[in-house]
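Student: Okay, here's the structure, questions in a sec.
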Amino acid sequence: MASLRSVLAAGLLLLSTTANAHFELQHPSPLTAESSSQATAPCGGANADIDQNTATDFHVEGDYVQLFNGHAQGNWLIRGTLDPKAGGDWEQLFPIVQQTGRGNFCEPVVTVPGEWAGKKGFLGISGNAGDGILYACAAVNFVSGSAPAPGGSCVNGSAVTASFQPDDTLSALVGSSSNSGSSGSETTAPAPAATTSQPSAAAPMMGERVSFGSFALTGVMLLVGAALL
């Protein structure tokens, strides 16, 4: 039988690995699902090349952005660029939002400049969640019109709230903002989805997912219990 020390060590490793999870871009489809390199700009370590990446349609008059956050709190910058390598010329597409609570976060209406319709580029999510800036990108075809999320899919976790929150570190990652006015003016963007969305009615693993911390803690307790038998 494994010693109590080895079992506890395995449990602590599980807790550490799970608690350090970052975030997952769910829509549009990300360039990579790998989270270990998310601190690498501009796209979380993924190879950004619009001629090679598989692109998802994103509607310039309004489309949804959905992600899963493994942190208790994080600020999100939604930005876009027509640079074929995602190397620069990033524009802010939505005011910076602070998410409080682990789980799903969905913004149902994100717009981009109308002149981008018919072009390819990248939509990027940059997060400031207390352990450095994290990045994820999606290759997209910017198309005309708008596209609401499929029914019931763009909802926030039951423990998630959101509000607009300035973040100078994230603001420094863009050259201009398509939805923000000039200095001193107010944004015309809609309020964050969390102020109006209803929590997911789906089971936790399908809707908001189980909290990383609670899952890990349960695993550690089971391991310790097994060692004491």
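Glycine too: its Cβ is placed from the backbone N, Cα and C atoms.
The Cu(2+) binding site annotation in Swiss-Prot covers HIS22, HIS71, ASP131 and rests on similarity to another entry. The feature compositional bias 'Low complexity' is assigned by Swiss-Prot to 175-202. What Swiss-Prot records for ASN156 is N-linked glycosylation site, and it gives sequence analysis as the kind of evidence. If you look up Swiss-Prot, you'll see SER200 marked as GPI-anchor amidated serine, on the strength of sequence analysis. Positions annotated as region 'Disordered' by Swiss-Prot: 173-202. Among the features that Swiss-Prot reports, signal peptide is placed at 1-21.
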Student: Sort HIS22 (Cu(2+) binding site) into helix, strand or coil using the DSSP assignment.
Tutor: coil
Student: Rounded to a whole number, how many Å is the Cα of the residue listed as 'N-linked glycosylation site' away from the Cα of HIS22 (Cu(2+) binding site)?
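Tutor: Rounded to a whole number, the Cα-Cα distance is 17 Å.
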Student: Give the residue from the binding-site residues HIS22, ASP131 that has the most other Cβ atoms within 10 Å of its Cβ, counting over every protein chain displayed.
Tutor: HIS22
Student: So how many other Cβ atoms are close to the residue listed as 'N-linked glycosylation site', meaning within 10 Å of its Cβ?
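Tutor: For the residue listed as 'N-linked glycosylation site', the count of other Cβ atoms within 10 Å is 27.
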